[in-house]
């Protein structure tokens, strides 16, 4: 029997109701005559404090509150890919159809998954089989790219009394009946999971494979691993969103979930517009076939912003449990934290640092802990991963503020964006001196086996050059470049080459936007050649000025990133040969 | 607000504090319901319900509570939300944010009653902005292009010519090759009277006044009026864009005054302050204003938003510009040092940004060389500024030859490209040609951002040789 109470107080998104003794924490309720969706966040006596996910204008004391008996849950099953849903997992396209307006109306109730659409189900088990949570019952080819694996829900196990034969089914139709200790439990293609609770798995494993992004500074200098966690903090205009969009577009994850959490409406439109036509560089299929957008823009109700990242990660875990590598991108966790602060303030909670609630760090920890590479539940040995990459928007670009500093405690990769690089139009504006990655050693094995064993060595040499350049620049600022030794001048020259030819990357250039690992290595190799040959000449007494005048191919090397495509890397041989012969010419002049 | 109810009257006021009045005995006040406060002398003020309890209600009075007494005052709950009559008859007129005329003209009778808070645009119904607006200003068109449906603020400092620039943009803005159904809605938020009149006069002189509607709250009015001003302004913008198929430019001046009012009201409600004393929800609140821009599917019109704000102490990290920058699609930053050099418009192109610009320029939109040239100008000017810093320390003579060229380039960029007259309306071709003239100061080997084919086509050294 669901509870029925009545409203005592309305204060923005906070509603207090009485007669709610039978309700439970985090239960979803319908508020007022409009039936707005809300969630119980505190219970005192028979009073419940409800955070309402829609605008409460017009709601009055005395109106009813109805319990639903269930916590806030994600609906999981075929039909999510290619969708754009709000923070409560309601498809925004359907809301627009029902509202018949470009504006979002309140109280619209739409199921997350299409109830009418039929999916072609292919069974993988037969009658009489014993099934356990996570076992694959059958498959649905949801998009050309993704085979949706229908798995036994985490709370069901037993003997299959019935299995549907191959054919067309809606998500609600039964595709099997499990005899669970004498009870007959029907199973359909749809399952629900409470969004705030992590889905179970067998064991967590150490990340080892890189999550390639095609962005050179990320893949090579600060690599992310499948199952890892990364944060991108930066002031506005530093390129957070563009970097996250690059991740969503080009990363080697099988499924990408993009959570637009309190950000701009037009940015999500940009993705909705681009993803059906852009091709996944790893498979050649339209990106939308592997993407789910969770959108709660900055002007949408603040409480639903708080839930959007949980919805995103829950959907991510569901695909992980099918054995896929999933990337969940959240833009931005600062807006999520601000939603926490707003709601905490209205509940009159004691604020901690900068008004944020004292549980901010533990909420952040809980969220990032949902990342990982796991051995999934189920009979077949399956591995899946959830990688979390989140933007942080520190006020005024100050990284010491609570959200950034707490996030740093829980992530293993840090891609700080630097506004001075952005103003100089050096993109991606990742500061190579402040960033870090704890996965460099773990993934270098992969580069070793799949690209070239030299990757690690050249990478280290590049990083060293950049650090040395920073030191030298401080000297230059004091005494001018002419006072440097020739060897130090060469360091500046090589660092310039690293920045121009490798680190800078144009996310809006068709060719430059995505660099395959092989292409990255080819550019690195050219830089390494240049460094070694030039060092040799400098040691023989040649001034750097002469080298830079003699090696004219450098301009072509810098331009090559936007000219040479990923599938015509042999063109780099030509550049390499020119570079060598120009150095040979120079060397003759030494003697 | 969808629910309609009867008017209820109460006389039992238990507390008056700041703009807030607490009324006892009311059991069914709707959140955000419109309230009329009638004082013993017959003066009527308006307010809304900001916190509603079973048995009492907290009302925020727009015009302030000075003179309101617990005895003899009647509080009427009007059974509807804050609605203003919106109509296309408002063009050519001036109103206060409640829709009352300020120009001695007749009141609007036949308008559409509109909840001025608006609603969030469904992201799946948005149409992405792609049409380049030619403002005739090189530092914007060439470097940080404005698109139709974009929200692009001007970050100004006190005394900088942001009004002149906004007026110039409003006058010159066109979409190339299109005779458009164009309107300007202007929200003057807590401005001084002469600022409001500057624009009024400007629009009259340029003959555009019949396409302009103004909503004005003056600096000495109560804070709530300033909170309402942008909302009413944008309600008219939405009506004109989505009901009347017009392309609307919405100018909001000055958002700093808006934020100050927000802080003042928040403090009077004893809310926990965030950074700088501004309320923690200021980001969300500003988003409900700035996000009311764009284009939507199935509608011909559009709203392009240009809010103007004053950075306190020229500090871009101050909460007001900071939170604005996180919501808007870029920013045009005015720079005092350029202004002091006598450069107009004093736009700092490096700190400025147009997030959407890239999608409205290039072949078939502006010109094939636009993107590459833009990248090159940015990179070269950034290096020029850097070099200038170095030259200041070690002296110009110790610079390398290439660096000296960059210094020359930097000067030319500011004096020839950025600088232009208040009435100078440059076509995009002219802007790009000036760009080519000044990059030719640099050696060709420095032009690493431009494709060879474009260099051959446009660089002055090759022009006419093909």
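In case you wondered, yes, glycine gets a Cβ from its N, Cα and C as well.
Heads up, TrEMBL stuff is auto-annotated, nobody curated it.
Features as listed in TrEMBL:
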- A:7-69: domain 'ATPase F1/V1/A1 complex alpha/beta subunit N-terminal' (DOMAIN)
- A:110-196: domain 'ATPsynthase alpha/beta subunit barrel-sandwich' (DOMAIN)
- A:214-437: domain 'ATPase F1/V1/A1 complex alpha/beta subunit nucleotide-binding' (DOMAIN)
- A:234, A:235, A:236, A:237, A:238, A:239, A:240, A:241: ATP binding site (BINDING)
- A:445-541: domain 'ATP synthase A/B type C-terminal' (DOMAIN)
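Recorded features from TrEMBL, shown on the structure.
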{"residue": "A:234", "record": "ATP binding site", "Cβ contacts under 8 Å, 6 or more apart": "A:240, A:391, A:392, A:393, A:394, A:397, A:416, A:417, A:418, A:419, A:422, A:429"}
{"residue": "A:235", "record": "ATP binding site", "Cβ contacts under 8 Å, 6 or more apart": "A:393, A:394, A:396, A:397, A:417, A:419"}
{"residue": "A:236", "record": "ATP binding site", "Cβ contacts under 8 Å, 6 or more apart": "A:393"}
{"residue": "A:237", "record": "ATP binding site", "Cβ contacts under 8 Å, 6 or more apart": "A:419, A:422"}
{"residue": "A:238", "record": "ATP binding site", "Cβ contacts under 8 Å, 6 or more apart": "A:397, A:417, A:418, A:419, A:421, A:422, A:429"}
{"residue": "A:239", "record": "ATP binding site", "Cβ contacts under 8 Å, 6 or more apart": "A:417, A:422, A:427, A:428, A:429"}
{"residue": "A:241", "record": "ATP binding site", "Cβ contacts under 8 Å, 6 or more apart": "A:263, A:264, A:267, A:331, A:391"}
> For the binding-site residues A:234, A:236, A:237, A:238, A:240, which ones lie near chain B, with a CB less than 8 A from one of its CB atoms?
Replying inline: A:236, A:237
> In the domain 'ATPsynthase alpha/beta subunit barrel-sandwich' (A:110-196), how many residues does DSSP call helix, how many strand, and how many coil?
Replying inline: 0 helix, 44 strand, 43 coil
> For ATP, what surrounds A:234, A:235, A:236, A:237, A:238, A:239, A:240, A:241 with a Cβ no more than 8 Å from their Cβ centroid?
Replying inline: A:393, A:417, A:419, A:422, A:429
> Where does residue A:240 (ATP binding site) sit in DSSP terms: helix, strand, or coil?
Replying inline: helix
>> As a test of reading the model: what is the averaged pLDDT for the domain 'ATPase F1/V1/A1 complex alpha/beta subunit N-terminal' (A:7-69)?
In response: 92
>> Validating a neighbour-count step here. Other CB atoms within 10 A of the CB of residue A:240 (ATP binding site): how many?
In response: 25
